[in-house]
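According to TrEMBL, the domain '4'-phosphopantetheinyl transferase N-terminal' annotation covers 44-126. Sequence annotations record features per position, and here TrEMBL assigns domain '4'-phosphopantetheinyl transferase' to 132-229. For 251-274, the entry in TrEMBL reads region 'Disordered'.
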């Protein structure tokens, strides 16, 4: 990867312009960054990554996807460095048997848990103390075969909900369901071993996001919280986490903060793609 010719994207002034939303509850903190950048990332950003992360980046076929991966991982390191008071390059990760990353035991007694997701030019990060967490983001777009995809992945009640909608509303409903289910799967840390039809989530826009059914082998419903939010114009996201203390999520307040950030930062390309 040629990382020498670009300006330093992640210098302090650039970093401040990329972080577009920060809000938190007693249980979870969520941060978002923009991933758009010059044609290539800088050498300084590239050097934030571990050798393993650099090798993974090199395997991406398309430069745009490689750039998004590099910026997402570098962003994670910078955010963790701010919270752990460590150099970003010094942070070490381990993965469970299903591939979910977490901080290495070398950073004990750090109790910080995290998860991340990116879609095109936006990445979101969730941080908690001691509580399992998962987050997912998708750019809102047309899904031509939304009904058929729902049949493949979702539960019978979710399929029925999507099939009952007019065709023009099914793409949004599919993405709503997908982000909520992905967030929960990632919080569980079970990867593809947990089928998406092993639990139900709400989809209807007038009903708050929540998990309504979990098969016994997956977990207990009372332990989990699910929230949906709009992290950036033309994107949707969801976060799932194992509840700890009082759950004081305030979507109206968070929405105000996010809209202010959107107005100041501008929005990424919103063109619908297939």
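In case you wondered, yes, glycine gets a Cβ from its N, Cα and C as well.
On the 0 to 100 pLDDT scale, the domain '4'-phosphopantetheinyl transferase' (132-229) averages 93 in this prediction. Remark: secondary structure over the domain '4'-phosphopantetheinyl transferase N-terminal' (44-126) totals 39 helix, 19 strand, 25 coil, with classes taken from DSSP.
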